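Copied over from TrEMBL, here are the features:
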type	residues	note
BINDING	72-77, 106-110, 130-131, 143, 152	NAD(+) binding site
BINDING	185, 250, 267	Zn(2+) binding site
DOMAIN	68-180	domain '3-dehydroquinate synthase N-terminal'
DOMAIN	182-328	domain '3-dehydroquinate synthase C-terminal'
Ligand code: GLY
């Protein structure tokens with residue numbers, strides 16, 4: 001279906017998108033001349049669905065495979081649970097030329113990437129994302145890490161994969177809530193970068209179920225989102241500038257996730273709430289208009305994503321939590337705010353009064 005290259009000065013890599021591609025995993029990795037030892041990391045649900053196919057594909061290509069199963073859920077994305085991967089790496093005697101394959105969603109991908117970045121000071125990692133969110137965002141670009149109780153992804157490293165292999169067929173078993181969470185990141189690309197993708201989503205009757213998308217839209221969503229991400233990462237691999245735009249909706253989103261213990265709302269739901277808040281801030285600051293705010297809201301509602309803060313969340317706690325955000329610079333929280341459909345800007349000129357007013361409006 002598509003092959004997109006993430007062009008990087010050190011090691012460029014392919015995002016390969018095709019139905020049925022899971023069975024090509026071994027063949028694709030063989031062509032990268034990687035060492036023969038592979039550790040496959042997954043979670044119980046994904047491993048039950050797709051583990052055997054991935055392992056057979058790897059073994060048929062001559063790889064010596066062992067596996068490691070992580071518990072499912074963002075609340076388990078902790079430094080302690082990395083030991084599961086490190087122990088398996090030790091038991092399987094992984095070497096510097098070995099590869100850890102992440103077969104799963106964002107949690108599996110982030111933890112596996114971080115383990116690969118740190119074990120023996122760096123092994124190869126291949127990302128095989130199985131959720132929409134991981135396909136369009138988390139698996140691409142080399143951000144890896146785990147959460148700290150005080151904040152999301154505070155412990156992490158940049159470690160680019162050698163390959164991202166996307167098989168859209170695996171989305172058939174993705175729970176509805178997770179599909180919708182992935183749509184939050186897709187809507188994000190429409191707002192920050194790709195106005196055409198935004199229009200295509202506006203023209204779809206529904207965005208809340210993979211089975212209700214207009215024909216061809218899923219393909220467009222995957223290709224266009226991956227192209228946007230590849231483009232931004234190629235221009236600014238380590239987030240010294242442009243890449244910050246990918247955090248649209250994530251500043252308040254991360255605060256919501258960490259204050260609710262990573263269990264009450266999914267990452268995509270938190271991003272959705274964060275985008276509604278960012279749109280409200282942009283309106284207050286006169287950066288964009290009511291009509292654009294409305295259009296974004298309609299897409300978010302079409303994907304059945306939340307638009308309000310979870311019950312019981314204290315606005316003062318959100319304001320404190322924002323201070324631990326990775327984007328804080330010289331003590332000032334930086335927000336990615338929309339200026340039009342397909343464009344955003346980064347600003348630290350949001351007063352506490354404006355922030356409080358917008359948060360009150362969505363509580
Ligand atoms: N998910 C945001 C980034 O990769 O930069």
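First residue shown is number 1, and so on along the chain.
Glycine is no exception: its Cβ is also placed from the backbone N, Cα and C atoms.
Nearest Cα neighbour of residue 72 (NAD(+) binding site) among the listed binding-site residues (185, 250, 267): 267. The binding-site residues examined here are 74, 110, 185; by Cβ neighbour count within 10 Å, the least packed of them is 74. What surrounds the Zn(2+) site, by Cβ distance within 8 Å of the Cβ centroid and not counting 185, 250, 267, is the set 133, 137, 181, 184, 188, 249, 253, 268, 270, 271, 274 from the same chain. Taken residue by residue with DSSP, residue 106 (NAD(+) binding site) is part of a helix. It is 14 Å from the Cα atom of residue 76 (NAD(+) binding site) to that of residue 267 (Zn(2+) binding site). Note on residue 72 (NAD(+) binding site): other Cβ atoms within 10 Å of its Cβ, all shown chains, come to 16.
Residue environment of residue 131 (NAD(+) binding site) contains 28 other Cβ atoms, counted within 10 Å of its Cβ in all protein chains. In the three-state DSSP scheme, residue 131 (NAD(+) binding site) is classed as coil. Sequence-distant contacts of residue 106 (NAD(+) binding site), defined by Cβ-Cβ distance under 8 angstroms and a gap of at least six in the same chain, are 129, 131, 133, 134, 137, 138, 139, 267. Residues in the domain '3-dehydroquinate synthase N-terminal' (68-180) partition by DSSP class (helix H, G, I; strand E, B; coil) as 47 helix, 32 strand, 34 coil. Taking Cβ-Cβ distances under 8 Å and a sequence gap of 6 or more within the same chain, the neighbours of residue 108 (NAD(+) binding site) are 41, 42, 43, 46, 70, 102, 134. Rounded to a whole number, the distance between the Cα atoms of residue 250 (Zn(2+) binding site) and residue 74 (NAD(+) binding site) is 15 Å. Break the domain '3-dehydroquinate synthase C-terminal' (182-328) down by DSSP state and the numbers are 96 helix, 0 strand, 51 coil.
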